Amino acid sequence: MSAGKQGDSLCFFINGKKVTEDDADPETMLLSFLRDKLRLTGTKSGCGGGGCGACTVMVSRYQPATKTFTHYSANACLLPLCQLHGAAVTTVEGIGSSKTRIHPVQERIAKAHGSQCGFCTPGMVMSTYALLRNKPQPTMEDITQALAGNLCRCTGYRPIVDGCRTFCQEANCCQANGDGNCCRNGDGNPDTPEEPQLFDKEDFLPLDPTQELIFPPELILMAETANPETLTFYGERTTWVSPTSLEELVQLKAKHPKAPLVMGNTNIGPDIKFKGVLHPLIISPSRVKELFEVSETAQGVWVGAGCSLSELRSLLEKLVPQFPEEKTELFRALNQQLGNLGNQQIRNVATLGGNIVSAYPNSDLNPVLAVGNCKVSVISRGRREVPLNQDFFMGFGKTILNPEEIVVSVFIPFTRKGEFVRAFRQAPRKEASFATVSTGMRVFFSEGSRVVQDVSLYYGGMGPTTVSATKTCAAIIAKPWDDETLSKAYDILLDELALPPSAPGGKVEFRRSLTLSLLFKFHLEVLQKLRETTLFLQNVIKDEVPEKISPLPREIQPGLQEFQAVSKDQSAQDPVGRPIMHRSAVGHATGEAVYCDDIPKTDGELFLGLVTSSRAHAKITAVDVSQALQLPGVVDVITAQDIPGKKFRPMTGQKEELMAETEVSCIGQIICAVVADTRAHAKRGVAAVKISYEDLPDPIFTIEDAIEKSSYYEPRRMIERGNVTEAFEKVDQIYEGEMRIGGQEHFYMEPQSMVVVPVGEEMEFDVYISTQWPSLMQEAVAETLGISSNRVTCHVKRLGGAFGGKVTKTSHLASITSVAALKTNRAVRCVLERGDDMLITGARHPVTARYKVGFMKDGRIVAADMEYYSNAGNTIDESTLVVEKILMHMDNVYNIPNLRGRGAACRTNLPSNTAFRGFGVPQGLMVVENMINDVAVVLGRPADEIREINMYRGPSVTHYKLEFSPDNFLRCWDECKLKCDYSARRKAVDQFNKQSRWKKRGMSIIPIKYGVAFAESFLNQAAALVHIYKDGSVLVTHGGTEMGQGIHTKMQQVASRELRIPTSKIYISETGTNTVPNTCPSAASFGTDANGMAVKNACEILYQRLEPMRKKDPNGSWESWSLIDSEPVSSVLLCVLRGEDLYMDWEKMEGRPGAYFTFGVCCCEVELDCLTGDYRTLRTDIVVDIGRSVNPSVDIGQIEGAFMQGLGLFTLEELKFSPSGLLYTRGPSQYKIPAICDVPLRFNVYLLKDSDNPHAIYSSKGIGEPVVFLGSAAFFAIKDAVAAARSDSGLVGPFTLSSPATPERACLACNSQFTQKIPTSKPGSFKPWALDI
């Protein structure tokens, strides 16, 4: 309807420069405009749905009524370009640059080591910057709120928080600069040597608010125009109209009742992007003043429906102190919910009216508004007021309002004396997460009485819409507010809010129990208020008031990061062992660091979209691409028939199809690809391809199905030492158990990205790609195209995270993209959307294990028999290797004389799983640690005692006959217990649990022994190419790829030491197959070990070659020695390192599969809310033996990041599949990785001192993977807290708690009186919403 028409000009400013757009398309978001049109690529695309914060920018507007400016953070991916008329946008490039000056925010995050892969860093910077524009001296609460909507998969958040903490009012404390030895600690001994610090805040630039960009005067004049005009913008498929008066808005809506009103775009935007919804007309009422008016009356306050949720929150915070407490009960309840609703970026743009009329079933605000007797004023041809009650919400996304009606304002009334209003919610993650169940509750008493005059209960998450518990309320009214009344109410409520066992969203038992436990919380709070308030007579509450359930603690305290200072004899110029900032940190923070999708487009470049299977097990009967080829912009469709070379990739001895031709074996399997001139056109082309299927019988989804049908990949493995069968006959006790560990999505912040460019002659191709293994990509592209590898050059600048997920799957995508480039003879770019990435590329393997353990009464474990089954998915990938790694680590740190392990990778019809940080070890160790816990419970002994009894001591031999010394591990264990004050805190936890019924604390201490390197020797080789130029500058290239682990930084340090020159003279540009061939993957925590030795050897040889020049001119400079024109000396050297001979012989059940062990111990303490399952990690102490750290800041960052990833794996992250095998969790709104709210409130990391490792560079150790498993300490602490809750209910002995220990699992395991009331549906009697994978 809109093509060809000329619309109005859009005028706004970006980074102080005017932008006039004459052809603004309503479907264009600010993010794509910034990146594609303006080449401002510092703003990143992470998820496209406002859930990750990578695209955060600051929007500023002028308010003519108050002559003030507003500054707020927003997600550029959800911000329609057409919405920005008259706004000033600031991106990360606009606040500072390495070419001019960097902003203090950028500097502090960089120098505090708050950047690893750096992909999330610009978003972190902009969220903090927007906060500081409004509040130059924020509190820690302000900072954590501002960053709640920004996800990071690398750092663990602690260094980001520490960098931002330096802006706080309390930042004058010496703790805030990263130095744990605070003056408050009371150690005033001046002779105590000063501990080294990761950074010094004294080096930081001061924050000067007067130096920020001014708001453009031209926009002030625009805003003050007396008669603004209606704006209309015409796009390819959609028209955007922005009226300026309420009258015109009413007329537009009457004429186009189906046209949505868009202001924040947080509801309509995701529907358009993810569900393919098309709106021919969009109405934007953001310039209609009546929608933003606020007026107070004697009864309450009218708030304009267009007010953002942040503005509403500020308004309520301002009103609360102005009125007596009894009048603001509703205001405070709303404010509490607003603090948890969405994130700061979402609240800044989402509106009150939009939140109401979107009528989400699990809305946070609607239950509270309804319970508070709020109402909306709506207008169409006339005005009317409509109460927000159970009749208002008609169904999923539906209200009682007519299509043409517009909500103008919302009335929020004052409360009365004797009226109490509370809001509660439970969500999968504490912040930035849709609620599982939300509720608003109100009760009214007459003065001096505990008899209920009125009560109202509304719930979200208990049906297709917000529901009222009217029958329950009727049973409470006119009754005294006491246990007896409420006890009867629970039974009525359970019947009234029934959910079928197959209800959408699942978690049925949990949701039903939450309705009861949240009402119980309300009951307790009301009893407390009745006792506290002076409005009531003293004899109203005579009986004892139960415990007050205070919120879980949330303030993040400064932590300790202890590491060994370098020797006093070490040269000041030698950077090895010092906490050097990541070499790209400033580039990360300024947005100047270039990632794959930041590379400028070439002329004629095409974009590739993937067509994937919608069936899990079926024959392909037809592929119809005709409709796709007719769409605008679509150039071609690529199928398997177009592949000139190999149509498959060999994987561990088996073949994996690149594109399915005749049969599909999972939902998400690639069938073909569409190439078009833009991303949007490619996406529409993909949707237009029609695939016809014939379903095949009996798909296999679960491990149990696979075991039943013997569906395995070969080889299956077995390893044994001693005689397990005989040993079981001689033990005092035997216990059998099972452990289930769920999978985990990699969720690297940068999605899979690549650009394949035909060079134009002799079948040569350049591949720019985000991968851990450039040589594999080169090989894959060459074999797929049927050309030799010397025609393919693979370039890797950096990766925005990988964690094992950018190896095998990336090679498939690169192969398909290269076919498209060959066929079209044009550059082709493929960047997966987050949902497609999660659907296609697989995850960590879910594992189910069964174990039988025999032990003596004194706690000695004599025999253990373990069976491990992993859900490998529809292709083999590296699944059998993962099983082998599980078996090689099954002993952990325990010397079990008779030990047997069997492992199998199960073939199923789910997307193929792949390598993930830890490579099976976290799942395998989880089983043995759970087994140890069970033994402790059976014997009634503390778990740490059983661990100590069974640890390796003295010269030791593993179950695969490898000799090693556990001495450093034992040092880690003792030091961790000492540092965390384990004994005293254990007693304090037990005391807390005796005094608290509904909140429990738990504590655990967990060890790890992790073998570093590849078990296959050929993967441990490395090479480095070093150039010394005439000006003395040095270019280093090596085989490792930089993905946040700091390998380039460490290689710079190595070269600096060996060449005796400053790091400033050394540059590392990229990893390329044309400079260092036949590289091995950057994986297995071995990148620094292998490449470091190659760089070291190369530099040593080059330094020796310069010896004649140094002798000739002993007082000369490095630059003069490098001027070697007159000397026949080569200044270029490629050095190849063979690596150690490692192997594993499964026939003999012996080998040396690792070069050495990295040891670590972690102690965690948690506090658990037994009524909701929510928990906080109060404190985490980690001691790790990493030898002599090459770079303590990088290594501590790796430890913290790995721990947080493990915390996600074991307590938070859940992959959910439909009964037909479709992955539900395809983005940050459904899949929750740890956020800043999940950081331990006190997070201490200690590197073991005086440790050596002869097997690696400078006596260091690999650290990327081992600490992931230590996140299980939080799981076992939760299990400890759950055990305390169960004992209060009379339940003792071992119990099953599967991983992850989500709030749902923890709450149900507590087995409170409320969960006991929930009837359990019999498995098999219904079709579950999600599979139990």
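Using the three backbone atoms N, Cα and C, a Cβ is placed for every residue, glycine included.
What TrEMBL lists as active site, proton acceptor is GLU1265. If you take the C-beta of GLU1265 (active site, proton acceptor) and look for same-chain residues 6 or more apart in sequence within under 8 angstroms, you find ARG917, GLY918, PHE919, VAL921, TYR1010, VAL1012, ALA1084, SER1085, ALA1202.
All chains included, 31 other C-beta atoms sit within 10 angstroms of the C-beta of CYS152 ([2Fe-2S] cluster 2 binding site). Under the heading [2Fe-2S] cluster 2 binding site, TrEMBL lists CYS117, CYS120, CYS152, CYS154.
Annotation for ASP364 (FAD binding site): spatial neighbours GLN337, LEU338, ASN340, LEU341, ALA423, ARG425, ALA435, SER438, GLY460, criterion Cβ-Cβ under 8 Å with sequence separation of six or more. For LEU261, VAL262, MET263, GLY264, ASN265, THR266, ASN267, ILE268, ASP364, ARG425, the entry in TrEMBL reads FAD binding site.
The domain '2Fe-2S ferredoxin-type' annotation in TrEMBL covers 8-95.
Taken from TrEMBL, the feature domain 'FAD-binding PCMH-type' covers 233-417.
Counted over all residue pairs in LEU261, VAL262, MET263, GLY264, ASN265, THR266, ASN267, ILE268, ASP364, ARG425, the record's binders of FAD, the longest Cα to Cα distance measures 28 angstrom. Its Cβ taken as reference, CYS120 ([2Fe-2S] cluster 2 binding site) is surrounded by 30 other Cβ atoms within 10 Å in the chains shown.
Shown are the binding-site residues ASN265, ASN267; of these, the residue with the fewest other Cβ atoms within 10 Å is ASN267. Looking at MET263 (FAD binding site) and CYS120 ([2Fe-2S] cluster 2 binding site), their Cα atoms lie 26 Å from each other.
Listed in chain order, the extra residues whose Cβ falls within 8 Å of the Cβ center of the [2Fe-2S] cluster 2 site residues CYS117, CYS120, CYS152, CYS154 are SER115, GLN116, GLY118, PHE119, THR121, ARG153, THR155, MET749, GLY800, GLY801, GLY1044, GLY1201. Look at the domain '2Fe-2S ferredoxin-type' (8-95): DSSP puts its residues at 16 helix, 31 strand, 41 coil. Sequence-distant contacts of CYS117 ([2Fe-2S] cluster 2 binding site), defined by Cβ-Cβ distance under 8 angstroms and a gap of at least six in the same chain, are ARG153, CYS154, TYR748, MET749, GLU750, ARG798, LEU799, GLY800, GLY801, MET1043, GLY1044.
Shown are the binding-site residues CYS154, LEU261, MET263; the one with the most C-beta atoms within 10 angstroms of its own C-beta is CYS154. Distance noted between the C-alpha atoms of ASN265 (FAD binding site) and CYS152 ([2Fe-2S] cluster 2 binding site) is 24 Å. Spacing of CYS120 ([2Fe-2S] cluster 2 binding site) relative to ASN267 (FAD binding site) is 24 Å (Cα to Cα, whole number).
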